[in-house]
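Novice: Take a look at what TrEMBL says about it:
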DOMAIN    169-252  domain 'DUF6534'
TRANSMEM  12-34  transmembrane segment
TRANSMEM  46-67  transmembrane segment
TRANSMEM  87-107  transmembrane segment
TRANSMEM  114-141  transmembrane segment
TRANSMEM  161-184  transmembrane segment
TRANSMEM  205-225  transmembrane segment
TRANSMEM  231-256  transmembrane segment
Amino acid sequence: MSVTAELTIGPAVVGCMIASCLFGCSMLQTYTYYKRFQSDRRIFQLLVAIVMMLTLAHIICIMYWTWTLTVSDLGRITIFSSPRDANLILTPLISTFVQIFFIYRLFILSGSKIIAASCIILSTLNLVGTLVNAVKAINYIVVDDGLVNTAAQSENAQNWLTILTLVAAAACDLVITIGLVYFLQRERRRTKINQTQNIVDCLTLWAIETGLATSMSAVLVIVFFCAMRNTFLWTAFYEVLADVYTNSLLAAYVIIFGRINKS
(Lines of atoms letter the chains of each structure in order from A and count residues from 1; the text may use other names and numbers.)
(Lines give C-alpha, C1' and ligand atoms only; values in the text may rest on other atoms or scores of the structure.)
Protein backbone atom coordinates (compact mmCIF):
# COMPACT_ATOMS: atom_id res chain seq x y z
CA MET A 1 0.00 0.00 0.00
CA SER A 2 1.48 3.29 -1.08
CA VAL A 3 1.42 6.06 1.48
CA THR A 4 2.17 9.56 0.18
CA ALA A 5 2.66 12.84 2.02
CA GLU A 6 -0.49 14.32 0.49
CA LEU A 7 -2.60 11.49 1.86
CA THR A 8 -1.09 11.40 5.34
CA ILE A 9 0.50 14.71 6.32
CA GLY A 10 -2.30 16.76 4.74
CA PRO A 11 -5.19 15.11 6.61
CA ALA A 12 -3.15 15.04 9.82
CA VAL A 13 -2.49 18.79 9.69
CA VAL A 14 -6.09 19.67 8.78
CA GLY A 15 -7.46 17.39 11.48
CA CYS A 16 -5.05 18.83 14.04
CA MET A 17 -6.08 22.40 13.22
CA ILE A 18 -9.81 21.67 13.48
CA ALA A 19 -9.33 19.64 16.66
CA SER A 20 -7.34 22.50 18.20
CA CYS A 21 -10.14 24.98 17.46
CA LEU A 22 -12.73 22.64 18.95
CA PHE A 23 -10.54 22.13 22.01
CA GLY A 24 -10.44 25.88 22.51
CA CYS A 25 -14.24 25.97 22.35
CA SER A 26 -14.49 23.18 24.90
CA MET A 27 -12.17 25.06 27.27
CA LEU A 28 -14.43 28.12 27.11
CA GLN A 29 -17.51 25.99 27.71
CA THR A 30 -15.80 24.25 30.63
CA TYR A 31 -15.09 27.61 32.23
CA THR A 32 -18.73 28.60 31.71
CA TYR A 33 -19.94 25.32 33.19
CA TYR A 34 -17.92 25.55 36.40
CA LYS A 35 -18.85 29.22 36.79
CA ARG A 36 -22.61 28.75 36.26
CA PHE A 37 -23.07 25.32 37.82
CA GLN A 38 -20.99 25.52 40.98
CA SER A 39 -23.74 23.77 42.95
CA ASP A 40 -24.15 21.00 40.40
CA ARG A 41 -23.92 17.38 41.52
CA ARG A 42 -20.37 16.21 42.17
CA ILE A 43 -20.74 13.29 39.80
CA PHE A 44 -21.42 15.63 36.87
CA GLN A 45 -18.59 17.97 37.84
CA LEU A 46 -16.31 14.93 37.97
CA LEU A 47 -17.58 13.76 34.59
CA VAL A 48 -16.75 17.10 32.96
CA ALA A 49 -13.30 17.08 34.58
CA ILE A 50 -12.56 13.54 33.37
CA VAL A 51 -13.74 14.25 29.83
CA MET A 52 -11.67 17.43 29.66
CA MET A 53 -8.54 15.68 30.95
CA LEU A 54 -8.99 12.95 28.35
CA THR A 55 -9.58 15.59 25.67
CA LEU A 56 -6.41 17.42 26.72
CA ALA A 57 -4.44 14.18 26.43
CA HIS A 58 -6.12 13.58 23.08
CA ILE A 59 -5.12 16.96 21.63
CA ILE A 60 -1.56 16.55 22.93
CA CYS A 61 -1.29 13.19 21.17
CA ILE A 62 -2.63 14.66 17.93
CA MET A 63 -0.22 17.60 18.06
CA TYR A 64 2.75 15.36 18.83
CA TRP A 65 1.84 12.95 16.05
CA THR A 66 1.45 15.84 13.59
CA TRP A 67 4.82 17.21 14.73
CA THR A 68 6.51 13.88 14.03
CA LEU A 69 4.95 13.74 10.57
CA THR A 70 5.84 17.29 9.58
CA VAL A 71 9.11 17.95 11.43
CA SER A 72 10.98 15.28 13.37
CA ASP A 73 10.19 12.36 11.04
CA LEU A 74 9.67 14.30 7.83
CA GLY A 75 10.25 11.97 4.91
CA ARG A 76 9.59 8.87 7.00
CA ILE A 77 5.82 8.70 7.25
CA THR A 78 4.51 6.85 10.28
CA ILE A 79 0.78 6.29 10.50
CA PHE A 80 0.87 4.16 13.63
CA SER A 81 3.05 5.39 16.49
CA SER A 82 2.80 5.72 20.26
CA PRO A 83 0.81 9.01 20.24
CA ARG A 84 -1.37 7.73 17.41
CA ASP A 85 -2.13 4.49 19.25
CA ALA A 86 -2.92 6.49 22.40
CA ASN A 87 -5.37 8.60 20.40
CA LEU A 88 -7.12 5.44 19.20
CA ILE A 89 -7.71 4.56 22.85
CA LEU A 90 -8.67 8.05 24.07
CA THR A 91 -11.35 8.71 21.45
CA PRO A 92 -13.65 5.78 22.41
CA LEU A 93 -13.15 6.56 26.10
CA ILE A 94 -14.32 10.14 25.57
CA SER A 95 -17.26 9.11 23.41
CA THR A 96 -18.35 6.49 25.96
CA PHE A 97 -18.35 8.96 28.87
CA VAL A 98 -20.36 11.45 26.81
CA GLN A 99 -22.82 8.82 25.62
CA ILE A 100 -23.35 7.57 29.18
CA PHE A 101 -24.34 11.11 30.20
CA PHE A 102 -26.90 11.38 27.40
CA ILE A 103 -28.17 7.85 28.06
CA TYR A 104 -28.76 8.85 31.67
CA ARG A 105 -30.69 11.95 30.59
CA LEU A 106 -32.71 9.87 28.12
CA PHE A 107 -33.53 7.38 30.87
CA ILE A 108 -34.70 10.19 33.16
CA LEU A 109 -37.02 11.51 30.44
CA SER A 110 -38.33 8.17 29.19
CA GLY A 111 -38.05 5.84 32.17
CA SER A 112 -37.39 3.05 29.66
CA LYS A 113 -34.77 0.53 30.76
CA ILE A 114 -34.90 -1.19 27.36
CA ILE A 115 -33.88 1.94 25.45
CA ALA A 116 -31.16 2.74 27.98
CA ALA A 117 -29.83 -0.83 27.87
CA SER A 118 -29.79 -0.81 24.06
CA CYS A 119 -27.77 2.41 24.02
CA ILE A 120 -25.37 1.04 26.63
CA ILE A 121 -24.80 -2.10 24.53
CA LEU A 122 -24.05 -0.01 21.42
CA SER A 123 -21.72 2.29 23.36
CA THR A 124 -19.91 -0.67 24.93
CA LEU A 125 -19.54 -2.32 21.53
CA ASN A 126 -17.93 0.85 20.21
CA LEU A 127 -15.55 1.05 23.18
CA VAL A 128 -14.49 -2.61 23.22
CA GLY A 129 -14.20 -2.88 19.44
CA THR A 130 -12.08 0.26 19.15
CA LEU A 131 -9.79 -0.87 21.97
CA VAL A 132 -9.30 -4.20 20.18
CA ASN A 133 -8.43 -2.28 17.01
CA ALA A 134 -5.94 -0.15 18.93
CA VAL A 135 -4.21 -3.28 20.19
CA LYS A 136 -4.13 -4.74 16.68
CA ALA A 137 -2.61 -1.50 15.38
CA ILE A 138 0.58 -2.41 17.23
CA ASN A 139 0.98 -5.28 14.74
CA TYR A 140 1.60 -2.77 11.98
CA ILE A 141 5.13 -1.89 10.97
CA VAL A 142 6.41 0.89 8.74
CA VAL A 143 8.78 0.32 5.86
CA ASP A 144 10.28 2.73 3.37
CA ASP A 145 7.69 2.20 0.64
CA GLY A 146 4.57 2.08 2.76
CA LEU A 147 2.71 0.34 5.50
CA VAL A 148 2.77 -3.45 5.93
CA ASN A 149 0.57 -5.49 8.21
CA THR A 150 2.44 -8.26 10.01
CA ALA A 151 -0.86 -10.15 10.19
CA ALA A 152 -2.14 -9.51 6.68
CA GLN A 153 -4.60 -12.37 6.80
CA SER A 154 -6.61 -10.57 9.52
CA GLU A 155 -6.69 -7.17 7.79
CA ASN A 156 -10.12 -7.66 6.26
CA ALA A 157 -11.58 -8.75 9.60
CA GLN A 158 -10.04 -5.72 11.30
CA ASN A 159 -11.52 -3.40 8.67
CA TRP A 160 -14.97 -4.83 9.32
CA LEU A 161 -14.42 -4.47 13.07
CA THR A 162 -13.55 -0.79 12.55
CA ILE A 163 -16.71 -0.26 10.50
CA LEU A 164 -18.80 -2.12 13.08
CA THR A 165 -17.54 0.02 15.97
CA LEU A 166 -18.15 3.25 14.07
CA VAL A 167 -21.64 2.11 13.08
CA ALA A 168 -22.35 1.24 16.73
CA ALA A 169 -21.26 4.72 17.84
CA ALA A 170 -23.36 6.44 15.17
CA ALA A 171 -26.37 4.22 15.94
CA CYS A 172 -26.08 4.95 19.66
CA ASP A 173 -26.03 8.70 19.01
CA LEU A 174 -29.02 8.48 16.67
CA VAL A 175 -31.06 6.44 19.14
CA ILE A 176 -30.26 8.94 21.89
CA THR A 177 -31.17 11.90 19.66
CA ILE A 178 -34.42 10.37 18.43
CA GLY A 179 -35.31 9.31 21.97
CA LEU A 180 -34.68 12.76 23.42
CA VAL A 181 -36.70 14.44 20.67
CA TYR A 182 -39.60 11.99 21.03
CA PHE A 183 -39.89 12.20 24.80
CA LEU A 184 -39.39 15.97 24.86
CA GLN A 185 -42.23 16.33 22.38
CA ARG A 186 -44.31 13.97 24.50
CA GLU A 187 -43.84 16.29 27.45
CA ARG A 188 -44.72 19.23 25.21
CA ARG A 189 -48.05 17.67 24.27
CA ARG A 190 -48.88 17.19 27.94
CA THR A 191 -48.71 20.89 28.76
CA LYS A 192 -50.83 23.78 27.53
CA ILE A 193 -48.54 26.52 28.84
CA ASN A 194 -47.03 28.42 25.92
CA GLN A 195 -43.85 29.34 27.77
CA THR A 196 -43.15 25.70 28.63
CA GLN A 197 -43.87 24.63 25.06
CA ASN A 198 -41.39 27.22 23.75
CA ILE A 199 -38.72 25.96 26.15
CA VAL A 200 -39.31 22.36 25.05
CA ASP A 201 -39.11 23.39 21.38
CA CYS A 202 -35.78 25.08 22.06
CA LEU A 203 -34.49 22.03 23.92
CA THR A 204 -35.62 19.77 21.09
CA LEU A 205 -33.73 21.88 18.55
CA TRP A 206 -30.56 21.76 20.61
CA ALA A 207 -30.95 18.00 21.15
CA ILE A 208 -31.14 17.51 17.39
CA GLU A 209 -28.13 19.72 16.72
CA THR A 210 -25.86 18.15 19.32
CA GLY A 211 -26.97 14.61 18.47
CA LEU A 212 -26.51 15.04 14.75
CA ALA A 213 -23.08 16.60 15.27
CA THR A 214 -21.72 13.43 16.85
CA SER A 215 -23.60 10.90 14.72
CA MET A 216 -22.80 12.66 11.42
CA SER A 217 -19.13 12.94 12.40
CA ALA A 218 -19.05 9.18 12.95
CA VAL A 219 -20.85 8.64 9.63
CA LEU A 220 -18.24 10.75 7.81
CA VAL A 221 -15.47 8.62 9.29
CA ILE A 222 -17.33 5.50 8.10
CA VAL A 223 -17.81 6.88 4.58
CA PHE A 224 -14.19 7.93 4.10
CA PHE A 225 -12.87 4.76 5.73
CA CYS A 226 -14.96 2.57 3.41
CA ALA A 227 -14.29 4.60 0.26
CA MET A 228 -10.65 5.62 0.83
CA ARG A 229 -9.32 3.43 3.62
CA ASN A 230 -5.93 3.04 1.91
CA THR A 231 -5.40 6.81 1.75
CA PHE A 232 -6.04 7.48 5.46
CA LEU A 233 -8.05 10.58 4.62
CA TRP A 234 -10.52 9.29 7.18
CA THR A 235 -8.01 10.10 9.94
CA ALA A 236 -8.73 13.82 9.49
CA PHE A 237 -12.33 13.21 10.57
CA TYR A 238 -11.39 10.70 13.24
CA GLU A 239 -8.98 13.18 14.86
CA VAL A 240 -11.79 15.66 15.54
CA LEU A 241 -14.36 13.06 16.62
CA ALA A 242 -13.39 13.17 20.31
CA ASP A 243 -13.54 16.97 20.37
CA VAL A 244 -17.00 16.91 18.79
CA TYR A 245 -18.19 14.61 21.58
CA THR A 246 -16.66 16.84 24.25
CA ASN A 247 -18.26 19.98 22.84
CA SER A 248 -21.63 18.25 22.48
CA LEU A 249 -21.51 17.29 26.17
CA LEU A 250 -20.60 20.78 27.35
CA ALA A 251 -22.99 22.57 24.99
CA ALA A 252 -25.82 20.26 25.97
CA TYR A 253 -25.19 20.69 29.66
CA VAL A 254 -24.59 24.44 29.67
CA ILE A 255 -27.44 25.27 27.29
CA ILE A 256 -29.97 22.44 27.13
CA PHE A 257 -30.00 20.86 30.55
CA GLY A 258 -29.24 24.16 32.22
CA ARG A 259 -32.63 25.33 30.97
CA ILE A 260 -34.27 22.07 32.02
CA ASN A 261 -32.95 22.47 35.55
CA LYS A 262 -34.21 26.06 35.69
CA SER A 263 -37.62 25.12 34.35
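Even glycines carry a Cβ here, placed using N, Cα and C.
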Novice: Along the domain 'DUF6534' (169-252), what average pLDDT does this model show?
Specialist: 85
Novice: Which residues of the same chain, at least 6 past either end of the transmembrane segment (87-107), have a Cβ under 8 Å from a Cβ in it?
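Specialist: The answer is 44, 47, 50-51, 54-55, 57-58, 61-62, 65, 113, 115-116, 119-120, 123-124, 126-127, 130-131, 133-134, 137, 165, 169, 172-173, 176, 179-180, 183, 211, 214, 238-239, 241-242, 245-246, 248-249, 252-253, 257.
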Novice: Looking only at residues six or more beyond either end of the transmembrane segment (12-34), which have a C-beta under 8 A from one in the stretch?
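Specialist: That would be 45, 48, 52, 55-56, 58-59, 62-63, 65-66, 69-70, 235-240, 242-244, 246-247, 250-251, 253-254.
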Novice: Tell me the residue counts in helix, strand and coil for the domain 'DUF6534' (169-252), as DSSP assigns them.
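Specialist: In the domain 'DUF6534' (169-252), the DSSP-based counts are 75 helix, 0 strand, 9 coil.
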